[in-house]
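Annotated in TrEMBL:
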type: TRANSMEM; residues: B:6-25; note: transmembrane segment
type: TRANSMEM; residues: B:37-59; note: transmembrane segment
type: TRANSMEM; residues: B:71-93; note: transmembrane segment
type: TRANSMEM; residues: B:122-146; note: transmembrane segment
type: TRANSMEM; residues: B:166-185; note: transmembrane segment
type: TRANSMEM; residues: B:192-213; note: transmembrane segment
type: TRANSMEM; residues: B:408-427; note: transmembrane segment
type: TRANSMEM; residues: B:448-472; note: transmembrane segment
type: TRANSMEM; residues: B:492-513; note: transmembrane segment
type: TRANSMEM; residues: B:545-564; note: transmembrane segment
type: TRANSMEM; residues: B:570-592; note: transmembrane segment
type: TRANSMEM; residues: B:599-616; note: transmembrane segment
């Protein structure tokens, strides 16, 4: 399923290159240029594909990394006592 | 003045938000720069989206659609919906996990460890800051233009040189200061909150603007049908034969005017008698601004009242279009007639229209609320300087030739959104996420949000090409693209709504500026001061202070550039993004390719910036908006060259140590 999602991303990229509408000036619904409508459809398609990615291709193991690593900075009240490092690792 | 008050209240609200968020500041540099990894999905979505949508999205997209048509959406917006989310998904989550695990705050910290190279920061720091500056410049410059356009006539006697509105330099300065203040107080948390607030503001007001403007144009259908009637090419990516024919006719008339002016003003071989002029005016029907000159030119040509040689004709065309006259005059132009395309090869004289417009229309220029003739109000109001410049350009310069969008250019635009993979400010935003799951909402919603913002802007820009308001064309030919949105808002809405809508435009601009301000301060302290000075040498308070000081320095430099900068927002933005895109192969390989070496990365970075500098120079430093290299967007060459150099050099040099590889690729 993961590869199917990646495949859909490739399909989106190909569909984005809509050569067939290059000289089409039709207005859909009386106001929307067909090229713009089609490309807005690509945006909606992208949102759907990325939704599928979060369902079927999400790197769940990276969630665990966050749990394994040190806790985020303390609450404001305790900050002055245990101020964490600046983030520099050198 | 109402607009100015509303903008002032909005800026005050932002300052309040910055100060309020500072009350939650935990006093550590980690909190100042990364909000202590506490940002949830909604704030992350809004802050990332607000950061990526700049003046480029609102002011630039409508301006570019006005120039190039609806194809602009496919060129950049829909491709961004795919590529931005791809970058968040493939790069953002992984970099977040390493940042969280190993404590990175900046890209350079990651690269130093991943590549086992301390010196990579020495190369990357100036390149990243150097590329962020033009990005900042877009926002600073646009904010000044927008405020200036919307406040025309706000003052009674002050700022006459700026049409009695806020001068762009002052608008830019105020916006820079407001953003500086709330970034100073709020740090990353304040920035994330301000971004969220501003993103909501500009999205809501953007949609409101769209419907108000469409209703003023007679509704959605009427607005689009006017384009279909007058400028059909703007609705597609090819040139409609109707537009080609209309252009041919306009260019022919313009040529007559050029020749007539050359004969009467330069050669002085022709002077029409009052009777001839009277006859010319009677025979001429269209009554556009400055129509008398056209009438005289048509009359003189029709009656063969003068004759010019080929050389004189070419000189007449150059002069009329305010082009620099070549010296010596090329031999071929003494026998061959210049085409419009050949004419455009010669640069236009800088600020040529300023002097001429003042000379020709000086007596009409004044306060836009004052009558042109106090004894006869029916003659209309005084002209602004902008209007005089507009009329000069429209009546003197050659008409724009319609041109199709190149399929290769459209395709290679796909490389431009890759830039988000290397934006240092976005890297920093990724690290603020509370967990990997926080990324889900931004990944899914980002393409939809782009659509919500861009579709209305592109439509408004396209409508502007053909819109009429109160019986006259809304924009004359050669109207500055950057000013289209602000001018429409000003002309077509009430002062109250115009004030709100301007606040919305400024919100989009500021929501990017703040992240960029914060990121350059972070990079300076983390990658230079703390790295080379030693992390125990400075207290957190000192680190925050240094970050703030460096931010002021860079903002001051950017502001200085904004006073000189005349380029189109869109063009400048594309060059800036292209630079970041050319570094995309480096970040992608660092995350996914174990064989990437230190030397390979150096090669990739140097080739990326080398090709960028070369092509930027070839493009006249962004002065040629339609510049292509090998028929493609220059970014394609940069990305391919950078990737090739990186791969080839990596393959022949020593791979990173096993310890480093285990650290970054444990699952393998």
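Cβ atoms are placed via backbone N, Cα and C, with glycine included.
Note that the structure is predicted; figures quoted are calculated from it, not measured.
Highlighted: of the candidate stretches B:37-59, B:166-185, B:408-427, B:448-472, B:408-427 has the greatest count of Cβ pairs under 8 Å to the transmembrane segment (B:570-592). Scored on C-beta pairs under 8 angstroms, the neighbour of the transmembrane segment (B:545-564) with the top count among B:71-93, B:122-146, B:166-185, B:448-472 is B:122-146. Contact between the transmembrane segment (B:408-427) and the transmembrane segment (B:37-59) holds: at least three of their C-beta pairs are under 8 Å, each pair 6 or more apart in sequence. Counting only same-chain residues 6+ beyond the ends of the transmembrane segment (B:192-213), those with a CB under 8 A from a CB of the stretch are 14, 17-18, 21, 35, 39, 42-44, 46-47, 49-51, 53, 58, 182, 186, 223, 429, 432, 449, 452-453, 456-457, 459-460, 463, 488-489, 492-493, 497, 500-501, 503-505, 507-508, 510-511, 514-515. Here the transmembrane segment (B:599-616) lies next to the transmembrane segment (B:122-146) in space: the count of CB pairs under 8 Å, restricted to residues six or more apart, reaches at least 3. Within its own chain, the transmembrane segment (B:448-472) is flanked in space by residues 45, 49, 53, 57-58, 61-66, 69-70, 72-73, 77-78, 80-81, 84, 202-203, 206-207, 209-210, 213-214, 216-217, 223-224, 226-227, 229-231, 234-235, 484-485, 488, 491-492, 508, which lie at least six positions past its ends and keep a Cβ under 8 Å from the stretch. Most Cβ pairs under 8 Å to the transmembrane segment (B:37-59), among the stretches B:6-25, B:71-93, B:166-185, B:492-513, belong to B:492-513. Contact between the transmembrane segment (B:492-513) and the transmembrane segment (B:6-25) is supported by 3 or more Cβ pairs under 8 Å, counting only residues 6 or more apart in sequence. Beyond the ends of the transmembrane segment (B:6-25), by six or more residues, the same chain brings 31-32, 147, 150-151, 174-175, 178, 181-187, 189-190, 193-194, 197-198, 496, 499-500, 502-503, 506-507, 510 to within a C-beta distance below 8 angstroms of the stretch.
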